[in-house]
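Data first, discussion second: the structure below is written as C-alpha cells.
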Amino acid sequence: NGAICIRPCSPSFHGETSFICEDRKWQMFTDACASLDVQSLFQPAHGKPGDGTKYFGADDHGNRNCQADFSCIIPDILSSPAIPGNIADIVELLKKISLLLSENVNRGKMQSYSRIANHILNSSTISNWAFVKDRNASSVLLDSVNLFAGKLLLRNGSESIQEHFISTKGYSIHKNTSAKSFDFNMEFNSTGNITGNVVIPEEELLKLPKTSKAISIAFPTLGAILETNRLDPVFVNGMVLSVSLPEELRHVLLTFEKVNKLENAQAQCVGWHSAERHWDNRACKMKSDNISSVVCICRHHRRTFKSFSILMSPNTLRNAVLDYITRVGLGLSIFSLIVCLAIEAVVWHHVTKTEITYMRHFCLVNIATSLLIADLLFILAAFFAHNTALNYQLCVAATFFLHFFYLALFFWMFTLGLLILYGLLLIFFKITRSVFMVAAFSIGYGCPLVISILTVAITEPKNGYLRIGACWLNWYETKALLAFVIPALSIILVNMVVVVVVVVKTGRSSVGEGCKSQDLSNMIRISKNVALLTPLLGLTWGFGLATILDSHSMAFHVTFALLNAFQGFFILLFGTLLDRKTREALRMSCLSSKRKCSLAK
C-alpha cells in the first residue's frame, strides 16, 4: 500500500533489524541519536528499488500531495536538530530527491526542497559541518541543489523562491531580450545582509537559437560551509552564486559584495570545480575590485563550473612597494647573474690554477646558473598562473623545474659551505678534482632531482601538487611545500654553522695582538667575511621565517623581498667583483685584449 518504513536509531534498538511501519502514512522518530535513516526512507514497499513513483505512497490522496511537494516530511525535518548526523542524512536525502524525484519541479516542490536545504544552511549550523564524516557532503549538497533547481518550471516566464539562506530565481530568455539580471540581497548572519548579482550579457543572449530558461541560486553561507572541510587559509568572502544556463551561453558577469571589507587583502574570482571539488581560478577573470565589491567574468560549463564566488587570504599583503621591489630586483638579479657568468668565463683559466680555487669557482658558477634559471622560471610560472587559458600541465611542468632549480641553488650553496669547512678544518687532507666533481654533482643536482621527482609522483595523482591560483607547491592539502622548506631550512642552518666557524677562525688569528688598530681591522675582516658569505650561502632566505612568524609585518616582507630579489646582484658583487684574484684576472684579460688590439692595428 505504499507504506514507508523508518527504523529508529535509539540505543535500545542495537542489533535489531525490525521496522516500524504504518500504511498510507510515514512517521519519523526523533530520539537520543536524532538521525534519519535515509536508506530506509528510500526503500519502496512494492516495486523495484529506484522506482520513485512509490516512495511517497501514490495510492493515497495525502501521499500524492506529499510526492508532489514533499510537504509531509518537512515538519519532522525542521524539528530535528541540525547536528552532524542529521546534516549528513539530509544531504543524502536531498541528493536522492534531486536524482530520482526531479521530474516536473514546480514552485511547490522547489519551496519544500529549499526549506529542507535551508535547515542545514542556517548560519548557526556552520560549525557542525566540520564534524560531518563525509568531507564532500557540502560539495554534494551544492551539486544536488544545482541539479534540482536547474529543472525548475517557470510560471509566466519567471519564478522566485526565497528562504533565509538559499534563494532561487528563474527567467525565460531568448535572443531578442536585453541583458538579464538576477539580484540577490540575503541574510548572512545576525549582523547583516550581503548582496550578489548575476548578469547574462546581451552578446551571450544572441547565441540562443530558441527560447530557453536561466536559473540562478544564491547561497550566503555555503562558502563558509565548504571551507570547514578544507585547510586553506583563504576563505570565501562573498555569497556563492550558481547558474543553470543553456549550453550555448558560456559567460556570465557576477558581482559579489565582500563580507570582510579589508583594504590590504586581495580578492580572487573562482569557480567551484564539480568533478575535482575545489575552487579553481581558471574559471573566472576579475573585471574590477574595490574595497566593497568585486566584479568577475566567469565561464559557465554544465559539467564543471556552475557555481562561483570570491576568495580572499587574510594574510595577503597587497602593496605596490613589494611588487615594485620584486620586479626591479628580479630584473637586476637576472642581469647581474648573466654578467657574473660572463666574467667567470673570461677569467676562468686565471682563477682556477689551484684545486681549492677551482672548486670554489665551480660552486659559484653552478649557484649563479641555478639561480638564473630559477628566476626565469619564476617569471614563467607567474605568467602561467595568471593566464587561465594555458594548460594545467604547463603549470605542473613549470612548478617541477622551479622546485628543482631552487633546490639545486640551495644544495650548491650547501656544497660551497662544505668546501669552506674543508679548507678551514681539513688542511692536511687533500681531495682530488675528480672526486670533488662527482660529489658536487651528486649533491648539487642529484639530491634536488630525487626530491622533485618524489614530490610530483606522490602528490600529483591526488591533484595535490599545485596550490590554488599559483604555479607553486601545494601546502594546505598535501604539504608538498615541505619538500622545499625542509631541505632549504636545513641547509641554511648548516651554513650558519659554517659562518660561525669562519668568524671564530678569523677571530683567533689575531688573539694576543692588543693594538686597537689591529682589533679594528680584525672586526672589519670578520664583517667582510660575514657579508661575503651571507648571500653565497643563502642565509638571506632565513628572513623568510620572520614573514611566517609575523605575516602582518610589512617591514619583514620588504626586507625579505629586498634581500632575495637582489640575490643575483649580491652574488655578482660579493662572489665576483669583491674577489681580489678575480679583479686582477679581469684586469689582466682587459690589458691582454688591449695589447692584441694594438698589435692587430
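Just so you know, the numbers here start at 1 and follow the chain as drawn.
Note: Cβ is positioned from N, Cα and C throughout, glycine not excepted.
The domain 'GAIN-B' feature in TrEMBL is assigned to 173-318.
What TrEMBL lists as domain 'G-protein coupled receptors family 2 profile 2' is 322-579.
According to TrEMBL, the feature transmembrane segment maps to 328-351 (among others). Long-range neighbours of the transmembrane segment (328-351) within the same chain, counting only residues 6 or more positions beyond its ends whose Cβ lies under 8 Å from a Cβ of the stretch, are 357, 361, 364-365, 368-369, 371-372, 375-376, 378-379, 561-562, 564-569, 571-573, 575-576, 579, 581-582, 584-586, 588-589.
For 363-384 (among others), the entry in TrEMBL reads transmembrane segment.
Taken from TrEMBL, the feature transmembrane segment covers 404-428 (among others).
What TrEMBL lists as transmembrane segment is 435-458 (among others).
According to TrEMBL, the transmembrane segment annotation covers 481-504 (among others).
Taken from TrEMBL, the feature transmembrane segment applies to 530-549 (among others).
Residues or ranges marked as transmembrane segment in TrEMBL: 555-578 (among others).
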Residues of the parent chain within Cβ reach of the transmembrane segment (435-458), under 8 Å, 6 or more residues beyond its termini: 355, 359, 362-363, 366, 370, 396, 400, 403-405, 407-408, 411-412, 414-415, 418, 465, 473, 478, 480, 483, 487
Distal contacts, the transmembrane segment (404-428) - CB-CB under 8 A, six or more residues away: 356, 359-360, 363-364, 366-367, 370-371, 373-374, 377, 439-440, 443-445, 447-449, 451-452, 484, 487-488, 491-492, 494-495, 498, 501-502, 505, 533, 536-538, 541
Segment confidence, the domain 'G-protein coupled receptors family 2 profile 2' (322-579), expressed as mean pLDDT: 83
